[in-house]
Amino acid sequence: MALILNIDAREIIDSRGNPTVEVDVLLDDGSFGRAAVPSGASTGVHEAHELRDGGERYQGKGVLNAVKNVIEDIDEELMGVEADDQRLIDQLMRDLDGTENKSKLGANAILGVSMAVARAAAESADLPLFRYVGGPNAHVLPVPMMNILNGGAHADSGVDVQEFMIAPIGAETFSEALRVGAEVYHTLKKVIKDKGLSTGLGDEGGFAPSVDSTKAALDLIVEAIEKAGFKVGEDVALALDVASSEFFKDGKYHFEGGEHTAEEMAKVYEDLIEEYPIVSIEDPLQEDDWEGYTALTAKIGDKVQLVGDDFFVTNPQRLAKGIEEKAANALLVKVNQIGTLTETFDAVELAHRNGYRSMMSHRSGETEDTTIADLAVALNCGQIKTGAPARSERVAKYNQLLRIEEILGDAAVYAGRSAFPRFTK
């Protein structure tokens, strides 16, 4: 296999105008890989450390130190290593960093290299990235969990739930699912506009109208689905990212004007899934409420997918604890939460081995990088969350999945309802 010849890096900006790290990897056979690192708005306290410069430049969010770490330290460490030995490469970087949360070199530095090396190795092998990572069995296209209405930390809409998503589960192909999602999205804009509400967009391309409750937001989406000509729950299901750690203060959930316990929030969710065809709820409880998660999973885990984002932070150790305690039943996969590809692979493998579902995910601060689209297919996630069908940094991932579906041809399978076997008819 080709050897790593040179690693370079630079500071670029993401979709929110904040700096991030982009890495170039050149192999000795001329193969080249480039990757850019995403960044989140609502971040879990247990995530790998994103190294920022501080100071006045870019209001403290510069990443020149992370870039320097790639160019001066990581490049020297990985020079001459075989590019297809991803596990060794990631381990060498973790050893070089020497901290549990990658705070010395920065997870943004390490991840940029990890992804760029994989891209270069795929090019050297003359394979698309999804095939290089996933092998011959990578053929399942994920259900797009499209965030078409934004709240919480992603918008100034007044509603506490961070993301209201649609899942086109009734489609036959990914391309059809994307069309369904786009048609509902455009219809939602008209529904919102006709009610005299704002059609401004949040960080992830979803609309951010001023609504006063979760149910009011869901009602807008249900109306849009029906007016677009689709059946709610049959053609298109609903999903939520509550991001509850964002409104958890002083031991209580400050939700929709009240202060609630974990037990009371469980009743809120139980009522919602009875009233609406919701197949997935992400981060329903605070990220360290293990007891609450176990109780919630026992209560409604057979009726709805309960996804750990801030709860698991794509970390195999936290996921293993969740499996042991029967807390949640699905893993959200964000490569920058853990900081290397192989640790991401390990988390997804652990989830699937124990009957947990997985959902590949973007971050609110994104770039044109499409790595997660390939990984969703390579790791057989069956679900992907990468925003609304709007804003080029979101659409880039959907368009890459269209290309992958085209490459696969007759071998392509769209996950559809099978992504939620317990929760759909």
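Glycine is no exception: its Cβ is also placed from the backbone N, Cα and C atoms.
As recorded in Swiss-Prot:
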- Gln162, Lys334, Arg363, Ser364, Lys385: (2R)-2-phosphoglycerate binding site (BINDING)
- Glu204: active site, proton donor (ACT_SITE)
- Asp241, Glu282, Asp309: Mg(2+) binding site (BINDING)
- Lys334: active site, proton acceptor (ACT_SITE)
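Known features from Swiss-Prot, placed on the structure.
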residue : record                               : DSSP (3 states)
Gln162  : (2R)-2-phosphoglycerate binding site : coil
Glu204  : active site, proton donor            : coil
Asp241  : Mg(2+) binding site                  : strand
Glu282  : Mg(2+) binding site                  : strand
Asp309  : Mg(2+) binding site                  : coil
Lys334  : (2R)-2-phosphoglycerate binding site : coil
Arg363  : (2R)-2-phosphoglycerate binding site : coil
Lys385  : (2R)-2-phosphoglycerate binding site : strand
Rounded to the nearest Å - Cα separation of Asp309 (Mg(2+) binding site) and Lys334 ((2R)-2-phosphoglycerate binding site): 8
Cα-to-Cα gap, Glu282 (Mg(2+) binding site) vs the residue listed as 'active site, proton donor', nearest whole Å: 16
Candidates Gln162, Asp241, Lys334, Arg363, Ser364 (binding-site residues) - the one closest to Glu204 (active site, proton donor) by CA: Ser364
Sparsest-packed among the binding-site residues, when each Cβ's other Cβ atoms within 10 Å are tallied, from Arg363, Lys385: Arg363
Cα within 10 Å of Asp241 (Mg(2+) binding site) - qualifying binding-site residues among Gln162, Lys334, Ser364: Gln162
Those binding-site residues listed as Gln162, Ser364, and which of them has the most Cβ atoms within 10 Å of its own Cβ: Gln162
The one of Glu204, Glu282 whose CB sees the fewest other CB atoms within 10 Å, among these recorded positions: Glu282
List of residues, in chain order, with Cβ under 8 A from that of Lys334 ((2R)-2-phosphoglycerate binding site) and at least 6 apart: Pro38, Gly40, Asp309, Val313, Thr314, Ser361, His362, Arg363
Neighbour count (Cβ, 10 Å) for Asp241 (Mg(2+) binding site): 28
Maximum Cα-Cα separation (Å), residues Gln162, Lys334, Arg363, Ser364, Lys385 listed as binding (2R)-2-phosphoglycerate: 17
Output field, Mg(2+) shell: CB within 8 Å of site CB centroid, site Asp241, Glu282, Asp309 dropped: Gln162, Glu163, Leu240, Val242, Ala243, Ile281, Asp283, Val307, Asp310, Leu332, Ser361, Lys385
